[in-house]
Amino acid sequence: MPLAQLVNLWPEVAVVHEDPENGHGSPEEGGRHTSKDEVVVKEFPITHHVKEGSEKADQSDFVLLKVLGQGSFGKVFLVRKITPPDANQLYAMKVLKKATLKVRDRVRTKMERDILADVHHPFVVRLHYAFQTEGKLYLILDFLRGGDLFTRLSKEVMFTEEDVKFYLAELALGLDHLHSLGIIYRDLKPENILLDEEGHIKLTDFGLSKEAIDHEKKAYSFCGTVEYMAPEVVNRQGHSHSADWWSYGVLMFEMLTGSLPFQGKDRKETMTLILKAKLGMPQFLSNEAQSLLRALFKRNPTNRLGSAMEGAEEIKRQPFFSTIDWNKLFRREMSPPFKPAVTQADDTYYFDTEFTSRTPKDSPGIPPSAGAHQLFRGFSFVAPALVEEDAKKTSSPPVLSVPKTHSKNILFMDVYTVRETIGVGSYSVCKRCVHKGTNMEYAVKVIDKTKRDPSEEIEILRRYGQHPNIIALKDVYKEGNSIYVVTELMRGGELLDRILRQKFFSEREASSVLFTVCKTVENLHSQGVVHRDLKPSNILYVDESGDPESIRICDFGFAKQLRADNGLLMTPCYTANFVAPEVLKRQGYDEGCDIWSLGILLYTMLAGYTPFANGLGDTPEEILARIGSGKFTLRGGNWNTVSAAAKDLVSRMLHVDPHKRLTAKQVLQHEWITKRDALPQSQLNRQDVHLVKGAMAATYSALNSSKPTPLLQPIKSSILAQRRVKKLPSTTL
């Protein structure tokens, strides 16, 4: 569900109701809940209805897959639509029980439905359907798999002002669109900003939003989360759209510093700080960031940035946003700093397992009073795009080829049948398996977690497995000391196997293969990920077509993501600006190792044999000596007809100094890649496939058997130095 507050989806908000004309009520009174008898509610007029003739949806059009969250008023489910025009599409279904909603909450729910029906923006969650039964209300919304942006980043990623700028810019566009429709958001806080699978933001949860407010009018409700409230909301002087820009400043401050600008020991003190305290501006922030924050934290709302008729245009012109291309941002053409670790369409990795492990069940609702049903007249809704699709009788998309969802109580063997062994490694065994429900074939890697922790491998596959040339992760089961990692099945076999057995293979085809593999590696390197085991046996074909686009990079068991000392991931911007040179040097070494492995592959594709292993009689010491010398032949055999550009590229990818090798990006820019249509198409000769594969295996076996280089550390970290420190006499008098 695109609501991040999954433990308590609809929390009680301290609300003091007063006469809007005089705005009675003090900040101190805002710290308590009014009693049931004191509640005074105005019902808003219902102005939105579904056009007559539009086809409505009901709960029978959806299959429940998982519970995403649960609160006192209802549940949030992951659902799949089973009827056209959008059959098989996944949604989040928010189900509210009418009988448990107070009149005030019923009004807010209807208001949320009305607002969502009106809003169509790339950075605001979309309402697709709304309908009701006698006892319940249903909102069918975008299913956002990336989770809550701010708490997720605070737990996983180190980010910079440049990264914060991206999210704030998307948020500014979303808020500006709401304001242009006369909507005050009024509940801007970290939990209500979620990520989609690409890493773009979506504003969600409009239960406290106020509709139909123009710049001449004000709202007077005391609502929202107190730490993010603007002063005029706290003191009930009446508020307009400018209150959202104060909250926007609070979010900006929190993202840049990790703390809130105004936070007391309780609600009363927090409100007093908001009204009176001087802002302590951290001096490590850039001048541009400080300037924007000061312009947003104006206690007089008429002086606040964004309060004028221009709205967000004032904010967009700020020097802090000078590097943002607003048109590209709106079109989602700018790359987010962080991509969530999600795999298939129904992945709930970022949702609380307390809920996702439950069996999804929509219990019958108790019928409410007759007046409650009257309040929700006109609640039903079908998104216009869906009505148009249905009118055109658009054919249903193919059924998603993903396994059925499973709870933590279901075992791997309950879902899959295991077949023959595909491969055996030091810490794992790989087998073919068949999904019992769909009869589809997959591969399962069974890992002994007492020998190796596979969490990094699994996270990398979750985050990057949707790349077309990286093996796709389907499922993960954790049972005792065994972890079952289910992936797509590589039916086409190993890359080198196929090339060496191919009747005809040319230099031009070799360039196409390297381009596909290298663009995938470049994508990983740009995100701070190194594979570190790119031997040819880990590059396979997903099918028998032999098409370079069917190539998959597999086995990320030795892969690493660049992390800070505290274990958090680092965005590319953070890496470039704040990472120590020795860390970058190590990262460059690992990237160089990946390029060296691709150089070995390229040499073998062109020559028909490996560069450093000559035969079965070679010892590991001999192979390592040749590798260490950096010498290999580019004469004789196929090399007499291979292009000069190919020889140049091989030499630069196999340079003995890893820091002098080409980067993946530079390989992609080399003329042998960019001008491959001009390369020779004559057949390349090769040795017997078994001899070549044996030599390749011997090369990597020799590398793995070599002793690692000693890691130098400061003298003070040695055991001897530590022992000496303990023996030093005390000088304390």
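Each residue, glycine too, has its Cβ placed from N, Cα and C.
Keep in mind the model is a prediction, meaning the values are calculated, not measured.
The region 'Disordered' annotation in Swiss-Prot covers 18-38. Here Swiss-Prot flags 62-321 as domain 'Protein kinase 1'. Annotated active site, proton acceptor per Swiss-Prot: Asp187, Asp533, in sequence order. According to Swiss-Prot, the feature phosphoserine maps to Ser221, Ser363, Ser380, Ser730, an assignment based on similarity to another entry. Residues or ranges marked as domain 'AGC-kinase C-terminal' by Swiss-Prot: 322-391.
Note: Asp533 (active site, proton acceptor) has non-local neighbours Asp555, Gly557, Phe558, Ala559, Ser597, i.e. same-chain residues 6+ apart with C-beta under 8 A of its own C-beta. All chains included, 22 other C-beta atoms sit within 10 angstroms of the C-beta of Asp187 (active site, proton acceptor). Across the residues of the domain 'AGC-kinase C-terminal' (322-391), the predicted structure has a mean pLDDT of 60.
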